[in-house]
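K.L.:
For reference, the structure I am asking about is given below.
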Amino acid sequence: MIKIGVLALQGAVREHIRHIELSGYEGIAIKRVEQLDEIDGLILPGGESTTLRRLMDLYGFKEKLQQLDLPMFGTCAGLIVLAKNVENESGYLNKLDITVERNSFGRQVDSFESELDIKGIANDIEGVFIRAPHIAKVDNGVEILSKVGGKIVAVKQGQYLGVSFHPELTDDYRITKYFIEHMIKH
């Protein structure tokens, strides 16, 4: 059976695992680098991106993930971690050829929900935006999947999927299922 890991350093790990299981696959909380060898794909959850990067450094995840050819899906802070560039600083894992701007929809009090049309998935996906980034620039090879108010909020490139919002905070698991069935199983 296909096994999907969720990096369990911070964020809504249980909620992501629930979406994996609702999609019909096994979800595993990844707490140790060695576990990366046991999975077919990895979800990088939201949270605080600076903290996430520090924890990934501390536990040795950065080096291993840069070396691995593993399909990855980043949500919110996970998107920032996958990006090659983050507004005036270099990226972290450098997997998606994009530039991300942090907190571009405002602070926590400015959080909102929006119905999204996500190319290839559905035209009625509920997006929960909490201190969300947006994708300011995409390079060649990156496919734009969705925008909100003219800002890019979902992209894919090869085996990498990135979204600005939190799909795991809704009951709609279609994005997770898409990641597994179109970017891992293909």
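Any Cβ shown, glycine's included, is placed from N, Cα and C.
Pulled the feature table from Swiss-Prot, pasting it below:
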ACT_SITE  Cys76  active site, nucleophile
ACT_SITE  His166  active site, charge relay system
ACT_SITE  Glu168  active site, charge relay system
BINDING   Gly47, Glu48, Ser49, Arg102, Ile130, Arg131  L-glutamine binding site
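Relative to the rest of the structure, where do these features sit?
P.N.:
A simple way to gauge crowding: the CB of Cys76 (active site, nucleophile) has 31 other CB atoms within 10 angstroms, across all the protein chains here. Secondary structure at Cys76 (active site, nucleophile), as computed by DSSP, is coil.
Long-range C-beta contacts of His166 (active site, charge relay system), restricted to its own chain and to partners at least six residues apart, with a cutoff below 8 Å, comprise Ala12, Gly46, Thr75, Cys76, Gly127, Val128, Phe129, Ile130.
Using a 10 Å Cβ-Cβ cutoff, Glu168 (active site, charge relay system) registers 26 neighbours. In the three-state DSSP reading, Glu168 (active site, charge relay system) counts as helix.
In sequence order, Gln10, Ala77 constitute the residues six or more apart from Glu48 (L-glutamine binding site) in its chain with CB-CB distances below 8 Å.
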K.L.:
Pick from Arg102, Arg131: which of these binding-site residues has the biggest number of other Cβ atoms within 10 Å of its Cβ?
P.N.:
Arg131
K.L.:
Only counting partners 6 or more residues apart, tell me which same-chain residues put their Cβ under 8 Å from the Cβ of Ser49 (L-glutamine binding site).
P.N.:
Ala77, Ile80, Val81, Val86, Arg102
K.L.:
Compute the C-alpha separation of Glu168 (active site, charge relay system) from Gly47 (L-glutamine binding site), stating it in Å without decimals.
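P.N.:
Computed Cα spacing between Glu168 (active site, charge relay system) and Gly47 (L-glutamine binding site) is 12 Å.
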